[in-house]
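Colleague: After the structure tokens below, expect a handful of questions from me.
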Amino acid sequence: MAAPVIATVLTLLVGSLLFAVLGYDPLATLQAFFITPLNSLNGLSEWLLKASPLILIACGLAVGFRANVWNIGAEGQLIIGALAACGVGLFYPNPDSWLLLPLMFFAGAIAGMAWAAIPAFLRARMNTNEILVTLMLTYIATLLLSWLVHGPWRDPAGFNYPQTALLSAAAMFEPFDYAYRLNASVFITVVAVFLMWLFTDRSFLGYKMSVSGAAPLAARYAGFRESAAVWTGLLAGGAAAGIAGMAEVSGPLGQLSPQISPGYGFAAIIVAFIGRLNAFGIVLGGLLMSLLFLGGEAVQMNLGLSAALTRIFQGILLFFLLAADFFIFYRLRRIPEHA
Amino acid sequence: MPPRLELRNITKSYPGIIANDDISMSIMPGEIHAVLGENGAGKSTLMKIIYGAAQADSGEIFCDGKPIAAHTPATSRALGIEMVYQHFALFESVTVVENIALAVSSSFDLDTLARQITELSNRYGMPIDPYRRVHDLSVGERQRVEIVRCLLQAPKLLILDEPTSVLTPQAVVKLFETLRQLAAEGCSIVYISHKLDEVQELCDTATVLRNGKVTGTARPKESTSAQLARLMVGAELPEMHVSPSVPSDKPVIEVRGLTAPARDKYGVELKNVSFEVRGGEIVGLAGVSGNGQAELISLLSGERTHANALSIQIGGKAAAHLNASERRKLGMAFVPEERLGRGAVPPHALWQNAVLTAHRSGLVRNGLVDRKQANSFAAKIIERFKVKANGPQSSAQSLSGGNLQKFIVGREIALEPKLFLVAQPTWGVDVGAAAFIRQTLVDLSRSGAAVLVISEELDELFEICDRLLVICQGQVSPPLIRTKTNREEIGLLMTRVDRGNGTNGRGEVAIQD
Ligand SMILES: Nc1ncnc2c1ncn2[C@@H]1O[C@H](COP(=O)(O)OP(=O)(O)OP(=O)(O)O)[C@@H](O)[C@H]1O
Ligand SMILES: [Mg+2]
């Protein structure tokens, strides 16, 4: 547990230095970054609202990462999940049916899984590299979304904006309070965290995946199929990302536009690693990452820091966190020169 | 003359165990010194401390009378100390010459180094191809790489931690000649082995460890192996009981015309392999490592499958197309030669490693791992096979080599297999435990199981097997009845001279030089 502490201290030091050199008051900036966003109810709501998809997706991805299945295309799976869910929401014959939300949930999950099934199939059958395939499919998903909102799904009454019509009330998660955006979809994340813990810590399938990750030859020795690990890993990530996409359209967004995710799918990869691929760690990682998103916006608006500078600061923190982890397990040493 | 190496009061503890307890000893230049002891006695730990790969909690080390400060493997190498680890420390994904280059201190170019390796390894009767990747090598070949790496450095003190466990008898003879010559030139050698005949042949002096303490010293050349064994184990060795075998009518495993291409260009092609093992008997597969054993084992265990389902039948069912797990359902159990990373997951606890193959024995319920059952399963193995470990929670990689071997053998035997495949069953296991494992194998077969033992140790095979097969260049000989054959006949079959194509003279080279 020393690593996060060291990382935080280092970040605060380097960050203060950076702000000071650029002429901002370090204390005020840090306060605006980490404290101000959380001292209102709305701030807390936003914090959880953004942490929720990050944690949800990271849980799904970590299942695969533990078995060395590298799904880095959660962003694409999220988009496809959002597309499918929104499609159901827009075109289901009865827009007031209570069935709508559950249907959209499954549509999102299944679409995310289907998108992830492509790299799974290719890796299991043809041993292609899932890193490349998942990443490339993300670009395809982005373009597909763009085409739909500019073309067939564009809202005819929308003044030519590239966006779909708004979803009906029955297609949306109810906010806890209409003043804030936080809604019931956070419970999905809570359940996902529990399932993730159950899967990785207790289930036999999760055990097999950890064997595949830690010692592939032992997995083969025991007869655990590599393809099972590939499929499980990718489908778990795809389902989680697809559901996160659904929760976005049925939550804060209410419709599709060309930009539906501020990079949750990519940030979740970092969240998974900050959380050391375990459920509890991922919750903390997601909360931290979400705070970085909020703090970054806050300092840009309140103190006029540039977007680039806030990104650098976020990068420093993540870098120290991951590096501190690394140096806990490995030691860097100077090797004496030989003659 | 100051001793080449002097240890004073070395103590080292790990959680729950004192691995080295106040150990002092000294070794003169040119002395060949054995360190003997049961599994988990602390031999490897002591060697790692001498080499600087582990740090003692207290105590001092002197080399040629001078204390070694800031001790790391690099300082050791600068002093001329080289070590062959029990669990090899090679980089899997690069070639032999690149591996060796990493450990060489002087400047070099790869091609020259490769030539040196080829030349030196042939001279020492341990031929290796410097351009092969390490992950393609069998454990025997890796062992040769490790030894050649050390010899290239012309060391002043050479530490060998069970170097011969997987070498062929011929290579051992060559190695001993080399070691004697090195010693004559003033190099001191620390030699660890559980093979007492080797120790008697090679070593001038010996220190015996038990539970981390020095319990005695001996002059191996003047002692009998029974005396040495008693010093190590602290008791007499049990007698083996081999009752006559009553083979079943039907074979439990039947291999018919199994032909398979080599895994890669350095592998060995299997040619029309046929044999069978019946319930109630132990069949041994003898052969020089690298003659197709690795291919055959992975095909028998299901780690590799074969399109012609009928070429391997288990219990009368076509099985060659089944994976390892499906074959285990037919009653198979298997101990591979690599224990770390194949037979066990190194960072996982022993209870988790029990689940690896014993998950069908009630360790998994409703899709969830039953930790309590897994713990008690592991605890039972630890008790029955006297595995020295800090309970089922200790990780596989924290166990001493022999103790992990005992755990894996124990786990597979606890599955009560009908068909038991085992490669190098007593590799790295101390004399007491080896006798116990052999007896357990005999008992298992006499209770009706079919047992196939793949081993390079002819003595072991002759002690427990009912019939013997010999594998050479991918071909398996017809079975020989143990009581009607002898070492010479088997030895000849093992090194059958290859006429015509010169690609596969490895077995041959090993005895020619
Ligand atoms: N890294 C470690 N962490 C915890 N315990 C360890 C570690 N390394 C060794 N031990 C323990 O120290 C003891 C001595 O181990 P060591 O490897 O020195 O035995 P050994 O005499 O070489 O045995 P073997 O003949 O089986 O190779 C064992 O009980 C082992 O479990
Ligand atoms: Mg050892």
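Each Cβ is built from the backbone N, Cα and C atoms, and glycine gets one as well.
Straight out of TrEMBL:
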{"type": "TRANSMEM", "residues": "A:47-65", "note": "transmembrane segment"}
{"type": "TRANSMEM", "residues": "A:72-92", "note": "transmembrane segment"}
{"type": "TRANSMEM", "residues": "A:98-118", "note": "transmembrane segment"}
{"type": "TRANSMEM", "residues": "A:130-149", "note": "transmembrane segment"}
{"type": "TRANSMEM", "residues": "A:178-199", "note": "transmembrane segment"}
{"type": "TRANSMEM", "residues": "A:264-292", "note": "transmembrane segment"}
{"type": "TRANSMEM", "residues": "A:312-332", "note": "transmembrane segment"}
Colleague: Could you tell me whether the transmembrane segment (A:47-65) and the transmembrane segment (A:130-149) have 3+ CB pairs under 8 A, leaving out pairs under 6 positions apart?
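Modeller: With fewer than 3 qualifying Cβ pairs, these stretches do not touch.
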Colleague: Give residue numbers and ranges for long-range contacts of the transmembrane segment (A:72-92): same chain, 6 or more residues beyond its ends, CB-CB under 8 A.
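Modeller: Distal contacts: 53, 57, 60-61, 100, 103-105, 107-112, 114-116, 119, 131, 133-142, 144-145, 148, 153, 164-165, 167-168, 171, 237-238, 240-246, 248-250, 253, 255-256, 260-261, 263-266, 268-269.
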Colleague: Given the transmembrane segment (A:264-292), which of the listed stretches A:47-65, A:98-118, A:178-199 has the most Cβ pairs that are under 8 Å apart from it?
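Modeller: Between the stretches A:47-65, A:98-118, A:178-199, A:47-65 has the largest tally.
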Colleague: Are there residues at least six beyond either end of the transmembrane segment (A:98-118) with Cβ under 8 Å to its Cβ atoms? List them, or say none.
Modeller: 71, 73, 76-78, 80-89, 92, 133-134, 137, 141, 168, 170-173, 231, 234-235, 237-243, 245-247, 249-250
